[in-house]
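Residues annotated as active site, N6-AMP-lysine intermediate in Swiss-Prot: LYS119. What Swiss-Prot lists as NAD(+) binding site is ASP34, ALA35, GLU36, TYR37, ASP38, SER83, LEU84, GLU117, ARG140, GLU182, LYS298, LYS322, and the listing cites sequence analysis. Residues or ranges marked as Zn(2+) binding site in Swiss-Prot: CYS416, CYS419, CYS434, CYS439. Look at Swiss-Prot and you will find 609-687 tagged as domain 'BRCT'.
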Amino acid sequence: MKKADAAARARDLRERIRAADHAYYVLDQPVLADAEYDRLMHELQAIEAEHPELVTADSPTQRVSGAPSERFERVVHREPMLSLGNVQSDDELHEFDARVRRLLGLPEGEAVGYVVEPKLDGLAVELVYRDGAFTGGSTRGDGVNGEDVTANLRVVGGLGANRGVPHALEGTPPPRVEVRGEVLLFKEHFEAMNRQLVRAGDEPFANPRNAAAGTLRQLDWRVTARRPLSFVAYEALVPGGDPWRTHWEKLEALAAWGFETNPENRRCRGLGEVLAYRDRMAERRFELPYDTDGIVVKVDDLDWRRRLGAASKFPRWAVAFKYPPQEEATRIRRIWASVGRTGVLTPVVDFDPVRLSGAMVARATLHNEDEMRRKDILEGDWVLVRRAGEVIPEVVKPLPERRTGEERPFRFPAECPVCGARVVREEGEKVYRCTGAACPAQLVGRICHFAQRRALDIEGLGEKLAAGLVERGQVKDFADLYAVPFEVWQQLFSRPRKEQDAGAARELPEKSAQNMVAALERSRSTTLRRFLFALGIPQVGEATAATLARHFGDLARILDADEEALKGVRDVGPETASEIRAWTQEPQNRRVVERLLAAGVRPEPEVVEARGPFAGKTVVLTGGLSAMSRDDAKAEVERRGGKVSGSVSRKTDLVVAGEEAGSKLEKARSLGVRVVGEEEFVRLLKE
């Protein structure tokens, strides 16, 4: 692959992986199957291995996924909470073992001692104990910074699940110890909670992982307290050095202090015993009381671990082996088209319910017509289905040998199934679109986009409420949200919907309506970049919205900018400029913006402090930063009146060099440009 093509493909892969990371870790709503995610990650790793000069410090291959939510205080981990590299074959496990032996310089024939354990599917957290007392806890977040969920962790296990977070440790623990483990829902507790939801007429959770993650990240700890979360410990860290020789001794200490550890943990001598353990657990995986999609293999000797160290994202002394997804045969009942906020029709497959990875599944989506044709899927087919990554239902392939001749290919409708408008597939596009400007399904999708956390952040306004508003004719565009009568909100909240708490009395409709009105009032005060993103302008994502806001600084200037002015904005190409211009010149769109402003929505530009050491300076960031992401560092510089450039030249005023800084650092030194490390950079930000 040519370098230019490789660079473009790498950029595309990074964006797709970051979007999937955000959906999985921050929104708790996976959008990619694990196999597809792993395929994208492996492709990006291969490109970066072939072209090392294309590696960026903020590449997903260099960092742990999962940025902290803005709803919680940020906590800096004393030692990074790294994620694990994963393998899926015996060959890859052999490569891992060979690499460990090579790095340790072990003689031929000397076996490595490992600890193996089931890979738990929950939310990784860290607990801090001082003098035996629990003093704080956080999620993993991006590995460097997590979310402070102390209040919620205090009540994990409060329902007598016998797998909770101890408030005080037993025995004689060190003066300070950091305990890491997984918060999860055991199958029996998950099923009981879903039964309560169904009895109440509400929507059950899709899987235990989503339920556990959503419960732990509740703003109200009382919601967490009424749900049967459990905690299983698998790591302990002591400042100044661990007092143990092996990981197994750590696990024994954790159990002695009162923590639940996994009874399936085993010590293995050499890779042969690891493979035997893997095979036994694969046979028993669905009999276990919790969801698991693989095993974790860790070097047992702690001195060897220190010698092996870690790469930027993964420890070299551990790896996760992931099982292939469970597959079941079922018969397709029907294929139909759903309509999204941009008018795209997505084929949806309904099939006879089957149990997969502990959950009943009856529906999956196909991306587009091309995928359906490629897989040769017909209405009435028997098909193999799976929950890819144990989460997302997926149709794997048809079983043509079971066809009777009655199966029929699915044809996309000529008219929108929701509004009746014409459906088209433009030349060069893979999707069919509804052309109806007033399509209710599109409107529901646009409202959800407008209200999401990264846009105007209207807390509590999701798809069900949006659909209810559209059904009642209360909302024709975003501005109508601010004119919905209080009584209508009460009526909507009186209908069955997923409660904040499955075990408690339903919140009164009046209180819920008051909360919604308050959320709408808060959303009136927003930033220009959030407002632009919320409008759903084609090709204007978060990054482009932020760039436009910084460049123009004023909504009116953006609305009046012609294509030439828009093409002058960094990272805005001709196609994007054309899309923005077309949107801003559409009279209906202008009316919506005017009505939003009349409703009191005030999109303010972020204040740029044109003073201090960065004011008017050109700054280049190179290498990895531990205190913040590359995007955060860039935003901090720009907020202080500086400009961040991607290359070093004689016009560069300052280079910030993080870990593993490369050619940019060398060029800066050759040109005599001032270079500072991360510590000095953080100090300058505080000036």
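One-based numbering along the chain as shown.
Glycine too: its Cβ is placed from the backbone N, Cα and C atoms.
What you see is a predicted model, and the numbers here were worked out from it, not measured in a lab.
For the pair formed by LYS298 (NAD(+) binding site) and LYS119 (active site, N6-AMP-lysine intermediate), distance between Cα atoms is given as 12 Å, rounded to the nearest Å. Note on the domain 'BRCT' (609-687): mean pLDDT across this stretch is 80.
For the domain 'BRCT' (609-687), residue counts in helix, strand and coil come to 28 helix, 18 strand, 33 coil, using DSSP.
Apart from CYS416, CYS419, CYS434, CYS439, the Zn(2+) site neighbourhood in this chain, defined by C-beta within 8 angstroms of the site C-beta centre, holds VAL339, GLY343, PRO417, VAL418, GLY420, ALA421, VAL423, THR435, GLY436, PRO440, ALA441, GLN442. With a 10 A radius on its CB, CYS439 (Zn(2+) binding site) counts 21 other CB atoms from all the protein chains. Closest in space to LYS119 (active site, N6-AMP-lysine intermediate), of the binding-site residues given as LEU84, CYS419, CYS434, is LEU84, taking the CA atom of each residue. For ASP38 (NAD(+) binding site), the Cβ neighbour count at a 10 Å cut-off comes to 15, with all displayed protein chains included. Put simply, GLU36 is the one of the binding-site residues GLU36, ASP38, LEU84, ARG140 whose Cα lies nearest to the Cα of CYS416 (Zn(2+) binding site). Cβ-based neighbour count (10 Å, all protein chains) for CYS434 (Zn(2+) binding site) stands at 26.
Within the same chain, the residues at least 6 positions away from CYS419 (Zn(2+) binding site) whose Cβ sits under 8 Å from its Cβ are CYS434, GLY436, ALA438, CYS439, PRO440, ALA441, listed in sequence order.
Across the binding-site residues listed here (LEU84, CYS416), the residue whose Cβ sits among the most other Cβ atoms within 10 Å is CYS416. Within 10 Å of the Cβ of ARG140 (NAD(+) binding site) there are 24 other Cβ atoms, across all protein chains.
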